[in-house]
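Per Swiss-Prot, ATP binding site is recorded for Gly12, Thr13, Ser14, Leu15, Asp16, Gly17, Val18, Asp19, and the stated evidence type is sequence analysis.
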Amino acid sequence: MKSGRFIGVMSGTSLDGVDVVLATIDEHRVAQLASLSWPIPVSLKQAVLDICQGQQLTLSQFGQLDTQLGRLFADAVNALLKEQNLQARDIVAIGCHGQTVWHEPTGVAPHTLQIGDNNQIVARTGITVVGDFRRRDIALGGQGAPLVPAFHHALLAHPTERRMVLNIGGIANLSLLITGQPVGGYDTGPGNMLMDAWIWRQAGKPYDKDAEWARAGKVILPLLQNMLCDPYFSQPAPKSTGREYFNYGWLERHLRHFPGGDPRDVQATLAELTAVTISEQVLLSGGCERLMVCGGGSRNPLLMARLAALLPGTEVTTTDAVGISGDDMEALAFAWLAWRTLAGLPGNLPSVTGASQETVLGAIFPANP
């Protein structure tokens, strides 16, 4: 069974940077050794945002974006190797999620698309890459997401305490770690995505630092109620979503009914939308004693305070409190999934994704010997 140093690479729907994590992984433990966040150039970020919102582009433009992202991921890995004074031979493999540009797991031909050419990463780092993690699960009738609950269960499940893990990235997803029950998990809806999109358009800021804008505003209750009527929120699990659904266009359609509002009030309403949709799903899933939060949203003091207020009787903490950096959780998960793929072990959980069976995930792009 393969064991040793692995690297995980994650560029999520928030597009707030490429997260790269170095860890030692074997069948008994996952030990994080180092991490860094690598910036995404503004032009590249905008190109991804455009395609995620349905903007048409030529096959040439699509191919160029795929190559550019692959090179970006390789640069991020090489920066971590240099920082840690490591060589390619010191790493077993890279687990690279890629950049999701479309996720449509239902319909006549279900599909998901992550780009960032893994061949570029192999060529530029000299390290074997495991990628394309989601499509096998979809081929077996699953949602292809979320995949991280399996990792959450391996690291954070407790024999007696009812626990849930909440990742608040662009999309928020919940892992249900309830003793005596199959592991559950699904996307609850928007996490940071709409908040980030709004403040970017209104103030040119990539995110609402320390929730300053949202805390200066007041929730627009009619707007909140209008958004909560979206059918996704009442859809039963398994379910998953992404930027192709919850995007700036979705927000604009709701705002048409409420013109002229203070931008800070809209920001406050979007923060409340994220908090309410998450807390409702926690309660509908039976509640928990401890909710452990990771992802960029765990650094949002307003979100954390609202979750605690909406979930009385639940201890709301970050995963940092149990020794796992909330900023690095997803990248670490894909390093772990790469280890499982090379070990020939399944990486999905049918109880989470709805797939017909467990399966080994991903495709392997081997480095030259």
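The backbone N, Cα and C atoms fix where each Cβ goes, glycine too.
Within the same chain, residues at least six positions away from Gly12 (ATP binding site) with a Cβ under 8 Å of its Cβ are Asp19, His97, Thr100, Gly169, Gly170, Gly295, Glu330. Fewest other C-beta atoms within 10 Å: among the binding-site residues Thr13, Ser14, that description fits Ser14. Take the CB of Val18 (ATP binding site) and look out to 10 A: across all protein chains shown you find 25 other CB atoms.
Other C-beta atoms found within 10 angstroms of the C-beta of Asp19 (ATP binding site) number 25, with every protein chain shown included. In this view, Leu15 (ATP binding site) is surrounded by 21 other Cβ atoms within 10 Å of its Cβ, with every protein chain counted. The Cβ of Gly17 (ATP binding site) lies under 8 Å from the Cβ of Ser11, Ser37, Trp38, Pro39, Ile40, each on the same chain and at least six residues away in sequence. Proximity of Asp16 (ATP binding site) to non-local residues of its own chain (separation of 6 or more, Cβ distance below 8 Å) is seen for Ile40, Asn192, Asp196, Pro206, Tyr207, Gly296, given in sequence order.
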